[in-house]
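Below is one structure; the comments refer to it alone.
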Amino acid sequence: PARCCAATPPPPAPDRRCRPADHDDAMGRSDAADALDRYFRVSERGSTVAIEIRAGLATFLTIAYIMAVNPQILGAAGLPNNEVTAATALSSIIACTILGLFANLPFAIAPGMGMNAYLAFNQVLGGRSTPSQALASCLTASCLVALLAVVRALSVIMALVPNTVKLATVLGMGLLLSLIGMHTCGMVVPDEQTMVGMGNLLTVEVIVAGAGLALTTVLMRRQVKGAILIGIAAAAFALWGARNTWPTEFLALPVLRFYEPDFSMLMAGSPSAWSAVVAYTLVMVFDIGGALFGLSSLAGLLDDGGTVKGATVAYLASAAGSAVGALTGTTPLIISAESAVGIKDGGKTGLVALVVAGCFTASLGLAPLLQSLPAEATAPVLVLVGTMMMSEAANLDWHDMKVSVPAFLTMAVQPFTFSISNGIYIGLAFSAMLWVFSGDFLDTFRGWGRQLRSAAHPPTGDNPSQHLESLLDHGHGASVHSGTAGRAGSSGNVLPNYVRYSEPMGSPTVHATTGSPTMHTTLTHHVDNLDA
């Protein structure tokens, strides 16, 4: 009993004098982690540094195929593969670093698929310009996007271009990429009688490309990270083995070349050169704007007004990376849709973008290995990316002829003429024709007139119902936010989904989606059964 009741002596205190450096290191690491957490607001957004790093790695594994595909496509225009590989990595490093540090957004920025095919096959191989002249168009478009972002004019462009043309542009790019992939592996070949025809399906290239496409599809369906890279690697090994052309070099110092842009065609006012500038600019604006809204919504980073903090910096980051890319030998950069993989893995801050930048830095020395990849090994990726782009077709109302005809023309003209810009111009022109011939322009002019009268004679009185009807009818003081999830309406108008008032009575914020036939109102004042 005496032993049981005896007090247990406390354990000896650790001798901190023995290893003071360890304590200081731990404190330093803690302070650095806290500073990182505060700067990127990691804990505030419900994440951790470990989750952000993991999400960044997942994003890079999903988008790393661009390091192999981009040099293959631009190599057809005479740009050396090793130089394009370095340009792709360097431009992406700069853009992702700016985005992560100054916008704190969990996205990856890399050269856009479709624009590289446009430069190679339409501008250069089409005989419209030299590589230096085509890169001058890319540089001009990059500067134009940066200028529009600084003066905040991008929202005006997004509002003027019909949603029909925006969505159909993505569809057309998908068809164009798929056609290039099928032609690369030999599945589709030229034919004098029918323009195009079926190639020999029993060649090694077609069989390996088909098997690679099937493998990648299954892996993506099972959500295997790096599925596209695995598919490319499997097809490459199969072709190397069949041809006995195994690579002999794997690593080398990056080869970077600075091109001197040739502005002669732009200075001369060449329609083809300026057409390319407009095409690059519109594709950048559409892709970046759509990705910003969609990915930010997925990550829960939209504010109460439905806007994205750091959107201007995101445009500037893409423009800066695109300018560097144009000077080093690659096409403009956009926010990659593959960023959704990292977001689904928990990424919510700019640390994701910085991890992606670090991975691009590590891949700079892989130019010899990437250069040895057979072009047929990347063909399945083009078809698969085209397939994923076709999902935008669900957001179009194909039963409305004023929507479906401009959309179909925008989509079909791109692969048939091997030009993204041709599709955009045809779609815009036909949308304008239908706007005039259908009489919709009269409704637009009447709306402008009502807005002018409303501005000159604002509604008076304390009747909130009358005030709301006036606001919705005339657009006075209303801020409209249009989402991309809805379907494009026939006239491009946006139907309000719900209106939220706050005390005191003032201008409402109207959150809208396209194609919604109903309105639900929640008012702090007593307004019941208001039919808008």
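Every residue gets a Cβ built from N, Cα and C, even glycine.
Note that the structure is predicted; figures quoted are calculated from it, not measured.
According to TrEMBL, the compositional bias 'Basic and acidic residues' annotation covers 14-26. What TrEMBL lists as compositional bias 'Polar residues' is 510-524. The region 'Disordered' feature in TrEMBL is assigned to 1-26, 454-491, 506-532. Here TrEMBL flags 49-68, 89-114, 134-155, 167-189, 201-220, 227-246, 273-301, 313-337, 349-370, 416-437 as transmembrane segment.
Most Cβ pairs under 8 Å with the transmembrane segment (349-370) belong to 89-114, among the candidate stretches 89-114, 134-155, 201-220, 227-246, 416-437. Of the Cβ pairs linking the transmembrane segment (167-189) with the transmembrane segment (89-114) and spaced 6 or more residues apart, 3 or more are under 8 Å, so the two regions touch. Highlighted: of the candidate stretches 89-114, 201-220, 273-301, 416-437, 89-114 has the greatest count of Cβ pairs under 8 Å to the transmembrane segment (313-337). As a quick check, the transmembrane segment (227-246) and the transmembrane segment (201-220) clear the bar of 3 or more Cβ pairs under 8 A, pairs 6 or more apart, so the two touch. Long-range contacts of the transmembrane segment (416-437) within its own chain (CB-CB distance under 8 A, at least 6 residues past either end) are made by residues 114-115, 118, 121-122, 126, 161-162, 164-165, 168-169, 172-173, 176, 275-276, 278-279, 282-283, 402, 405-407, 409-410, 444, 491. Two recorded stretches are said to be in contact when at least 3 C-beta pairs lie under 8 angstroms, sequence spacing 6 or more; the transmembrane segment (273-301) and the transmembrane segment (134-155) meet this definition.
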